[in-house]
Amino acid sequence: RMAVPVLLLLQAACVFSMGVGLWVVCNHFLTAEIPAAIGHPMRLRVLHCIFELLVTWGMIFEKLRICSMPQFVRFMHDLVPLKEDPDVVVTDLYYGTIPVKLYQPKVSSCALRPGIVFYHGGGAVMGSLRTHYAICCRLSKESDSVVLAVGYRKLPHHKFPVALRDCIAATTHFLKALNTYGVDPDRVVLCGDSVGGGMATAICQRFLGCPDLPKIRAQILIYASLQAVHFQFPSHQQNKNVPMASQDFAFYCWSTFLDINPSWKSTILKGAHLPAEFWEKYRKWLGTENIPERFKKGTYQPTSVPLNEAAYLETSLALDFRNSPLIAEDEVVSQLPETFIVSCEFDLLRDDSLLYKKRLEDLGVPVTWHHMEDGFHGVLSTLDMGCLHFPCSTRILDAMVHFLKRL
């Protein structure tokens, strides 16, 4: 007698699961834009559908109060087994309560090695020490460097500035123990992708006033999130529906991280939260005249809307330089170390990198820039995804290694 209800329940669960999967696939084909210039478009479709399926199930579990969407997504992507590299020694450590992974080339060296502190991306929603394991392994092995990856706390329980505070604490600990790890204090590099890139340069800015710590030699910023104030750049308009960082998902990450009510979405995306005084001060750095003309193609239309005072007051945290290192003062940016920047053509955040590149160059900071014409946000993470690997990810890693070897 009990078997019949259980069987019906299983059938209902199967039908519901199929329905969720079908909805995700249909929604992908109706809303996602796959640019023609991206190689292997079907791989990107599959990758995006998997991502959307995880997010959708996470939202369902969140509504059922089983767990939050970010927790579910991280749980699922961390189930993927790690592929160990026999040439790299990986050690799990804790700096206080902060988990870190230390990557060291297995071959001993009589000379001190470069040190890289790596902050992973994922919008503070996804990403972990495990998702960027292969990247850090390859980086350590191919550049003969000691890599420290920081497992900072993330959403939904840890909003701004917890992640940045964790990264600052872990980096400080590492910088004070360079001798323990055989790291050359004159060759320490801060590196990150996406939100991790934003944290890398924010920490570089923060450490400029710390004479008791080794000076940072360089910063590596991979399609970094460098400002949280303006969402009307050409790249936002051109790539708002391109995987893997659509406008909707990016806004979810931004509003949740800064604890801003999502009901302000349309107001903020139109730019109605920014007063005239903001533009008077920052137009010289954020104005689209600083973006090369070739990146303003297609549908770009600058807009102007009246100020919504309430929105400005509730979103003012976005103006904090720790969230928007792109708009830090000249005396800060001019002191930053040599910088390596990767931008991707089909990335919502592309213009952040282009604007930061120009600011740094205008202030005399040496910049090495690589633009991936077939790249999209998050492509570096496909480095070890087998059949979902994109060649662009290997080109990015090779460029990073080349830059590190000449420091």
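Placement of Cβ uses the backbone N, Cα and C atoms for every residue, glycine included.
All TrEMBL annotations are machine predictions without curation.
These come from TrEMBL:
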ACT_SITE  SER194  active site
ACT_SITE  ASP347  active site
ACT_SITE  HIS377  active site
DOMAIN    116-259  domain 'Alpha/beta hydrolase fold-3'
DOMAIN    307-380  domain 'Alpha/beta hydrolase fold-3'
If you count the C-beta atoms lying within 10 Å of each candidate's C-beta, which of the active-site residues SER194, ASP347, HIS377 ends up with the smallest number? ASP347
Do me a favour and check the Cα-Cα span between SER194 (active site) and HIS377 (active site); whole Å is fine. 8
Could you tell me how many residues in the domain 'Alpha/beta hydrolase fold-3' (116-259) are helical, how many are strand and how many are coil under DSSP? 58 helix, 25 strand, 61 coil
